[in-house]
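Only one structure is covered here, and it is reproduced in the block below.
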Amino acid sequence: MALYILRFPCKIREQKSYVGLRAASCKVRIIPFRSKDIACQLQRIEAPSLPSNPAAPLNDQPLLSRRARRNRKCPTQRDAFRETNISPANLIYPLFIHEVEVDIPITTMPGRYMLGWRHGLIEEVARARDVGVNSIKLYPKVPEALKSPTGEEAYNDNGLVPRTVRLLKDRFPDIVIYTDVNFDEYSTTGHGGIVREDGVILNDETIHQLRKQAVSQARAGADVVCTSEMLDGRVGAIRAALDAESFQHVSIMSYSVKYTSSLYGRFRQVELDKKTYQINPANSREALLEAREDEAEGADILMVKPALPSLDIIRLLKDQTLLPIGACQVSGEYSMIKAAGLLKMIDEEKVMMESLICMRRAGADVILTYFALQAATILSSANTKTIFN
């Protein structure tokens, strides 16, 4: 088949009717003209003919020495060349506990419950262990009557968290328990520190309380204490306090990069401005600076929160340190996937697993996720290859 381009000078003299005429097999290009003059060109172009066998290469096709698709042509090869893996051992299961024995659904987090510390919690931990998740983190709901401006309940050896840790260690001696060294659950203000009358968060005075909280949790049997408040010098102070009480074996997972994110909230209804001690989401060098300080003070694991919006930071830390990196997939990340799944807008299981493998790909060694039980159930079954391969 030939293509034609018309090009010849001509004058438009009169308007004629072309109704009924058949279109010619040609390509016409009109070049800008002055007045009624039209410049046209007729040129014969030979179009390449397609081969009779579509699978045969064109004669002028460049020779490719590298074809990446060759390593993706079958499930066996895709599985063999997969660079990133995930297992239940990489997951930490966060669990909410309260004094009441009834398990109460958390409306903003479909499938999550405020668990009774004696029964509901034990049953949930047993289910997680059945699919290979042996690391949990406790988040307490402290009764309002026990809260105070200076948070003394945080280091009560008979408080909710120490009692729960002792119970879990008695039932599951080999379980790894992460506890939250965090002031806001015990404070009447909900802030992560003691608040002065003028609204300033008192850094050093709060750390004094956090030291006692960490020691109390270690005394109960916690394996890893998590310094989740972004207060200056907290890691070094808590490390010194633990060592002074002969808890050198207790690890510190520092929330080294905790952004001021709108994805937090869980079951809380109060919005607080924590910008003076959490990091601006626009900053990456500041995140690196905080992580370096925590490492120098004795942190054993560096945590990034939230996870999915911070994959670049996880990668940055992985390239800058030899310490393990944690990723915290927060309540908002969980709830968005759950909500979209319930509305049939996405395939919940596939998106869930994709989000987790992306955190691992970015460099996370451990992932704290509310999906831990659900993901581990898939990973321990034959469905894993269906999702990833």
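From the backbone N, Cα and C atoms, a Cβ is placed for every residue, glycine too.
Listed features, source TrEMBL:
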ACT_SITE  Lys258  active site, schiff-base intermediate with substrate
ACT_SITE  Lys305  active site, schiff-base intermediate with substrate
BINDING   Glu290  Mg(2+) binding site
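Features as recorded by TrEMBL, highlighted on the structure.
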residue : record                                               : Cβ neighbours (10 Å)
Lys258  : active site, schiff-base intermediate with substrate : 26
Glu290  : Mg(2+) binding site                                  : 20
Lys305  : active site, schiff-base intermediate with substrate : 25
Completion exercise
CA pair the residue listed as 'Mg(2+) binding site' / Lys258 (active site, schiff-base intermediate with substrate), Å rounded to integer, equals 10
